[in-house]
Protein chains: 2
Amino acid sequence: MSDATTPRTDGHAARRRGTRAQVIEAAVRLVAERGFSATSVDDIALAAGVAKGSVYYNFTSKSEILEAALAEGSERLQTTINEARGDLRGREALSAVVGALLSSMQANPDFAKLMAAEVFRVEREWQETIGALRAVTIATFADVVGEISPGEDASLVGAATFGAVLVAGLEWLLFQPDRSVEDVRASVLRLTAGL
Amino acid sequence: MSDATTPRTDGHAARRRGTRAQVIEAAVRLVAERGFSATSVDDIALAAGVAKGSVYYNFTSKSEILEAALAEGSERLQTTINEARGDLRGREALSAVVGALLSSMQANPDFAKLMAAEVFRVEREWQETIGALRAVTIATFADVVGEISPGEDASLVGAATFGAVLVAGLEWLLFQPDRSVEDVRASVLRLTAGL
């Protein structure tokens, strides 16, 4: 973000952070529904309830909005997962991380849909950001799987575990929303009980 | 497809089927890479190596191409899965279905990427077709899980199993292509060994 050329009050800064967050939230929602190319900056401004000029005050392009959305979402997800894992190891860590990922998906289903739609697209401008999200998430599960079954080559098992949480979570949020997060966590842990 | 108004020879029919298949294949590849809205009918015609008029001879719109691609891909996948399952039950059925799904993904990685990107988008024109693909795939896994652990509410476990195969499969095809299909199948079955 470029420096403002005029002095700004705290009120300005707060509004600017607010606008930025509103734009990101609207972009995630629209792109999750329609896809990136079908979403225009006009659509995003309208959905965010801000002027198009405010969007361009915060971002240089539509790609930069998505890049920021994925970067911030990834960072938040990573923090949530790390905090949930804490000092836990093995099976307890798996249970905590699965629960944290599902709760994050419930708190922001649009980001979850976006993640599923983009996580294996390798030709996007934000490829590095989504690649980091994919790598970190899979690596966390691979690490925990390695704690449960030491010595195992866990990278593909880690990917499979991430996929199990992602797809069970979306199935839940979109088609069985009356189930509790505990139900879904139990289903994933049921699948992985033999690790 | 509408009836031709002039009599056609077998050669014509063969060419027309060929064109249709080429168009579908190109559309799946481009949409898997760039997304639906970023792909034009011109792009598809160019990538398929056919005239734009030939595209519109076979399909009325870009949506209809995607609809046909998803319908044909789903039908093929369903046939493959059913044949692999055959009379097998329980753990043997799981192993066969996981292997068949991974082999299908290997044979058509573009379709696999498209499936991952679209399977939880619920606002598309081809929503019913992708919904049927999702439902049938998850139901097959839920059914097999139910055979392994009778009495269990298996719908979410089925979704988790489908997700495990889908994400491990894409991780393999995109980032660890030197691994064998047997390696990947073993990783997924390792995850699900406790069912």
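Glycine residues also receive a Cβ, built from the backbone N, Cα and C atoms like all the rest.
Keep in mind it's a predicted model, so treat the numbers as computed, not measured.
What TrEMBL says about this one:
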- B:17-77: domain 'HTH tetR-type' (DOMAIN)
- B:40-59: DNA-binding region (DNA_BIND)
Inset, instruction - Using DSSP, break the DNA-binding region (B:40-59) down into helix, strand and coil residues and give each count. - result: 15 helix, 0 strand, 5 coil
Inset, instruction - Give me the mean pLDDT over the domain 'HTH tetR-type' (B:17-77), rounded to a whole number. - result: 94
